[in-house]
Amino acid sequence: MDLNPPRSDHAPAHSTVLYVALQLALTALLVYACGRIILPIAGILLWSVILAVLLYPLHLRLAVRLGNFWSALLIGLVGVAVTLVPLIMVATSVGSTVYTLFSNLQNNSLTVPPPPPRLADVPLVGQKLTEIWTLIATNLPVALANYGQMLRGPAAWLVSSTGGLAASVFSFILSFAIAAVIAAYGKGAAAFAQRLVRTVIGSETQGGRLVALTAATIRGVALGVVGVAMIQSLLIGVAFFAMGIPAAGLLTLATLFLGIVQVPATLVTLPVVAYVLATEAATPAIIFTVWTLAAGLSDNVLKPLMLGRGLDVPMPVILIGVIGGMLADGLLGLFMGPVLLAVGHILLMEWLRGQPNEEGVRIDHPTPREVRR
C-alpha cells in the first residue's frame with residue numbers, strides 16, 4: 001500500500017504564483033514607504049535637481065582650481081548667503097519700522113504729511129482719497145475708528161503671506177544645500193539618470209539624449225527667465241532714476257526679483273505710477289506712465305523670443321510648457337512644464353518616424369519600390 005499521496009503537477013505553478021505575488025506585494029510596500037518619506041520634501045528635491053543642473057557647469061569650472069568638495073561647498077554657502085542675507089536685512093528693516101510705528105502710536109507722536117494738492121484731481125477716486133488722507137493726517141484716532149475694520153483683512157493676509165514667504169525661503173535655502181551635494185556627485189547622478197531613462201523607455205540610444213535635453217531645457221528656460229527679468233528691470237530702473245523716485249535702486253532690485261520669480265512687475269510699477277501722477281507735472285508724468293507700463297508688459301514679448309534658444313525643440317513646445325507649467329504648478333512648473341513637453345515631443349517624433357525596433361523589424365510603411373518588389 002502506497003502511503004505517499006500523489007504529487008500534483010500544479011504545485012510548482014502555485015508556488016511560483018505565490019512567490020511572484022509576495023515579491024510584488026513587498027515591492028509595492030517598499031515603494032509606498034519610500035514615497036511616503038519623500039513626498040513631504042518632493043518640491044524641495046525637485047528644486048534641488050533644477051538648481052544642481054543650473055550650477056553644474058559652474059561647479060566643473062571651480063572644481064578645476066578648488067577641487068570637487070570645496071567647489072560644491074562654496075556654491076552651497078554662496079547660494080545660502082545670497083538667499084538668507086537679503087531676508088535678514090528686510091526682516092530687520094521691517095521689524096524696526098513696525099516697532100517705531102507702534103511706539104509713535106502709543107505716544108501719540110505719529111505725524112502724517114498732508115495729501116498732495118494734485119491728488120484731488122485724479123478722476124473717480126481723487127476726492128475720496130484726499131478726504132481719507134486728510135482725516136488720517138489731522139485726526140488719526142478717528143480715522144482708525146472709522147476705517148480700522150477695513151484693515152483687518154489685509155493685515156491678516158499680510159501676516160499669512162509673511163509666514164508663507166518665510167517657509168518658501170527656508171525651503172529654497174535647503175534646496176541650495178541639497179543641490180550642492182548633488183553637484184558634488186554630478187557624474188554619478190548623470191549616469192544614474194541615463195540608466196533610469198534607458199530602462200523606462202527601453203531604448204539604449206535615447207537615454208543619454210533625453211537626459212542632455214532635460215538639462216539643456218532647464219538651463220535654457222532659466223537663462224531666458226533671468227534674461228527677461230534683467231532687461232525688464234533695466235527699462236523700469238531707467239525710468240525710476242530719471243524721475244528721481246525715492247529708493248529707486250531698491251525698487252529696481254524688487255522688480256528684478258519679481259521678474260525672476262514670475263510675479264508681475266506691475267505690483268511695483270503701479271504704486272510708483274500713482275505717486276508720480278499725484279506729485280509731478282502732467283507731461284513728464286504721462287511719459288513716465290507710458291514708458292513704465294510698456295516696460296512692465298515687455299516680458300510678454302521678450303519671453304517667446306528668449307526662452308528655449310539653442311534647444312533642439314520647437315519654440316512653441318517650450319512656450320506652451322512654460323505657460324502651462326506656470327499656471328499649473330507655479331514657479332516649479334515653469335521649469336517642469338517645458339522639460340516634460342520637450343521629452344514628450346522627442347518621444348513622439350521618434351515614434352512617428354517609424355524607427356526599427358530592437359529585433360530589427362520595420363514598423364513604418366514600405367516604400368512604393370519595396371511594394372513592387
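Glycine is treated like the rest: Cβ placed from N, Cα and C.
For 12-31, 37-57, 69-102, 165-186, 207-228, 234-260, 272-297, 317-343, the entry in TrEMBL reads transmembrane segment.
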Counting only residues at least 6 beyond its ends, the same-chain positions whose CB falls under 8 A of a CB in the transmembrane segment (165-186) are 43-45, 47-52, 55-56, 59-60, 68-69, 71-73, 75-76, 79-80, 83-84, 87
Any contact between the transmembrane segment (37-57) and the transmembrane segment (272-297)? By contact I mean 3+ C-beta pairs closer than 8 Å, pairs at least 6 apart along the chain.
no
